[in-house]
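Novice: First the structure, which I've put down as structure tokens, then a few questions once you've had a look.
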Amino acid sequence: MPVVTTDAESETGIPKSLSNEPPSETMEEIEHTCPQPRLTLTAPAPFADESSCQCQAPHEKLTIAQARLGTPVDRPVRVYADGIFDLFHSGHARALMQAKTLFPNSYLLVGVCSDDLTHKFKGFTVMNEAERYEALRHCRYVDEVIRDAPWTLTPEFLEKHKIDFVAHDDIPYSSAGSDDVYKHIKEAGMFVPTQRTEGISTSDIITRIVRDYDVYARRNLQRGYTAKELNVSFINEKKYRFQNQVDKMKEKVKNVEERSKEFVNRVEEKSHDLIQKWEEKSREFIGNFLELFGPDGAWKQMFQERSSRMLQALSPKQSPVSSPTRSRSPSRSPSPTFSWLPNKTSPPSSPKAASASISSMSEGDEDEK
């Protein structure tokens, strides 16, 4: 560990390290009672004026290499980061996370400038100092909050809080008549740079609000704030309220259009389904009809079968005539031969006809003899 003497001081009064050789007495042999990093997140970080470091052991200066190698548990590396922290956002949190994780065993102190200093050197803030203090207390990376932090770090302030290193982005911060308020810290070898988070800053957030001022004014009027609270004139208030009513009507019309579109889509889907079902049923009906009444349908075949049966019933087929050589069955008697006799009551129509009938009768008698 470097040996620090009162003679080895920079022009600003901040002591410098003379060498990197360890002293005759190691750090492990010195008992430290410095506050330890927070092990629980169930309570906010304390304020420095409520629980400041009361350690009586000598506070030897550390080099960055020594701090990165690690220090005893009871001697954490005390890292300081300061700022305004107005509208605390993720860029602030990431910067504090980098400061907290610079060394294996670190204790992060965060200084927050008061309203008077901030309004004097930078400008008006959205949040007051009490709100900004509380925002830092509830950040998980912060171990201690220093209220009313100085704009430019002095040797007395660094000695009072036993600060080992100062963490901030490496961009020169010109303010209070200086090109870089951290110049003397860099010269003393106590400055450790962090990286800025691009795309988000307090100024960017304020720019968004100013750019969309009408939108946010209408929003807050709609939520119950008065025109006086928003510093809005009577005419602008009426204009904003009228615009809110117009937006409500537009929203209702939009909702009606969306619902009507949904209804039309549902009707189209159902009609499409009905048409498909109708087509299926119609094809099924046509197929069944053709099976019954088509050219080869079941109805025609049934009609033909029934008609053929009826024809067979009405006109049965005659048995074939027996041949002359076939002998007659003895059980059956020969069918008698009928001779056509002239009707006695009706006289012959002519003498020739009478003679012809008599001759036929005589011939028949002769055959029987």
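Each Cβ is built from the backbone N, Cα and C atoms, and glycine gets one as well.
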Novice: Of the ranges 1-27, 244-270, which one does Swiss-Prot list as region 'Disordered'?
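Specialist: Of the candidate stretches, Swiss-Prot labels 1-27 as region 'Disordered'.
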Novice: Besides Ile84, Phe85, Lys122, His168, Asp169, Tyr173, Gln195, Arg196, Thr197, Ile200, which of His92, His184 does Swiss-Prot list for that CTP site?
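Specialist: So, going by the record in Swiss-Prot, that would be His92.
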Novice: Going by what Swiss-Prot says, which of Ser327, Ser362 is noted as phosphoserine?
Specialist: Ser362
Novice: Measure from the CA atom of Ile84 (CTP binding site) to the CA atom of Trp151 (phosphocholine binding site) and give the result in Å, rounded to a whole number.
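Specialist: Cα to Cα, Trp151 (phosphocholine binding site) and Ile84 (CTP binding site) are separated by 10 Å.
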Novice: Can you count the other CB atoms that lie within 10 A of the CB of Ile84 (CTP binding site)?
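Specialist: For Ile84 (CTP binding site), the count of other Cβ atoms within 10 Å is 22.
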Novice: When you measure from the Cβ of His92 (CTP binding site), which residues in the chain that are at least 6 apart have a Cβ under 8 Å away?
Specialist: Gly83, Phe85, Cys139
Novice: Under a criterion of Cβ-Cβ distance under 8 Å and sequence separation of at least 6, what residues of the same chain contact Ile200 (CTP binding site)?
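Specialist: His89, Ser90, Gly91 - these are the non-local Cβ neighbours of Ile200 (CTP binding site), listed in sequence order.
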Novice: Taking the Cα of Lys122 (phosphocholine binding site) as the centre, which of the binding-site residues listed as Ile84, His168, Tyr173, Arg196 lie within 10 Å of it?
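Specialist: Of Ile84, His168, Tyr173, Arg196, within range: Ile84.
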